[in-house]
Amino acid sequence: MVKMYLVRKAHNNSNITTQRNRAFTKGNKMSVSSQTSIPLSKGDPEKVPVATEAIPAKSQDDIEFPEGGLQAWLVAIGNACILFCTSGYSNTFGVFQAYYTLHQFSDKSADAVSWIGSTQVFLGLFAAILGGPLFDRYGAWVIRPTAVVYLFAIMMTSLCTQYWQFMLAQGILHGTASGILMFSAMASTPQYFRKRRGVAMGLAMTGSSIGAIIYPIVLSKLLNDSSLGFGWSVRITGFIMVPALLFASATVKARLPPRRTSFLLPAAFTDKLYVTLVASMFFLFIGMFVPLFYLPTYGILHGMTETLASYLIAMINGASVFGRVIPGIMGDKVGQLNALLFAGASTGVMIFCWPAATTQSGIIGFAVVFGFCSGAIISGGAVAMTLCPKDVRDMGTYIGMGTGLASFAALMGPPVNGALLDRYGGFEQVSIFSGVMCMTGALLVLLAKAFTSQGMLGKV
């Protein structure tokens, strides 16, 4: 009697567990990852399998993405707030470059000054190798302490007087904190979107453009047209960031459970598509940052005032708002690699045309068109890399590793171009070198398409 009761109980428990797992799987597109066997009674060899853990299905094709909703769009807006404070601020280094050359470091060469900004940009991208995996493993909590360190770096920059101090505060500390913040946020948005990922990432990246419109104007006015001095001018920009970072800390959240595999994923580099995309971003990064560093200096050499020349960075980034949103929308329709290919090739063409802009109106026109063309490169590269991982929880790590490796290009690009400028005294050689680098990156994007199932001519 007792034995028959236990067998019947085991059968019923097994049916209940199976029905619960089927319902859970159907409603949430989840799969059972492990089971444990629990004895019915002490010494009884008969056991009932009970599900203990559910993990998101690995393939991006097998799970549903919200593709919108309040939480999803709040994450994208929070992402934009972080990029407003990080990438948007880093993209204004051309203002610092021109100011340092005329004031603090008037006795130093252009390439020596550019090493501060180049280090900042390099570490801001290289730290992606930390920010992406940290988000995948631990979620959005990494944003809060890193935001504090980031603001501390800006305040320390405002106190600097020596070259090595600027290198430590603005170059190293600011760059590292910026990268961890930026790529932790960028890893969050793709978890909520797939079909509309290009639009969502484009929206998030507009934060960078808006920041790079506001900060050059604010910095230029404070540095050149006020009596506040360098220290308070920089501190005020830090205070502007506080509300945006607080909002982002409250809204950016991970949707998927963390992964518990190794911190980095070396197996990714066995994927030809991924390796080719990383190589393409490397060459694009060598060329695309040069106008952001040197266009204000170029404008001053061609008769612009310091204030108007510093506004060129704002013009580039104002145009890049449209250059990030429109290619994002088109990428969702014609393919993300096609959108990145257009961005890279058109940026290369514009850099080749740079020396032809010698009048004030011509330089402004170049800034606007270049801003539109180059706007989609970073966001487009990140979206392209999300096509590679089989497990959706690895997207942040793929973005982080790829951007981290490509960041070495940002370290070498501006100083190499600064050396060309010092040697030849003009921008023709700078435009040739940087334009060739961007065109090489675009050709590698075309090659990457050959490693997809759609081929070079496909919609991918």
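Heads up, residue numbers simply count up from 1 along the chain you see.
Cβ atoms here come from the backbone N, Cα and C positions, even for glycine.
As annotated by TrEMBL, domain 'Major facilitator superfamily (MFS) profile' applies to 71-453. TrEMBL lists 73-100, 112-135, 147-165, 171-187, 199-218, 230-252, 273-296, 308-327, 339-357, 363-388, 395-412, 432-451 with the feature transmembrane segment.
Most Cβ pairs under 8 A with the transmembrane segment (339-357) among the ranges 147-165, 230-252, 432-451 are made by 432-451. Of the Cβ pairs linking the transmembrane segment (363-388) with the transmembrane segment (273-296) and spaced 6 or more residues apart, 3 or more are under 8 Å, so the two regions touch.
Counting same-chain residues at least six beyond the ends of the transmembrane segment (395-412), those with a Cβ under 8 angstroms from any Cβ of the stretch are 118-119, 121-133, 135-136, 183-184, 186-188, 190-191, 264-265, 268, 274, 277-278, 281-286, 289, 381-382, 385-386, 388-389, 437. Between the transmembrane segment (273-296) and the transmembrane segment (308-327) there are at least 3 Cβ pairs closer than 8 Å, counting only pairs 6 or more residues apart in sequence, which means the two stretches are in contact. With Cβ pairs under 8 Å as the measure, the transmembrane segment (73-100) is packed most heavily against 230-252, out of 112-135, 230-252, 308-327, 432-451.
Mean pLDDT across the domain 'Major facilitator superfamily (MFS) profile' (71-453) comes to 89 in this model.
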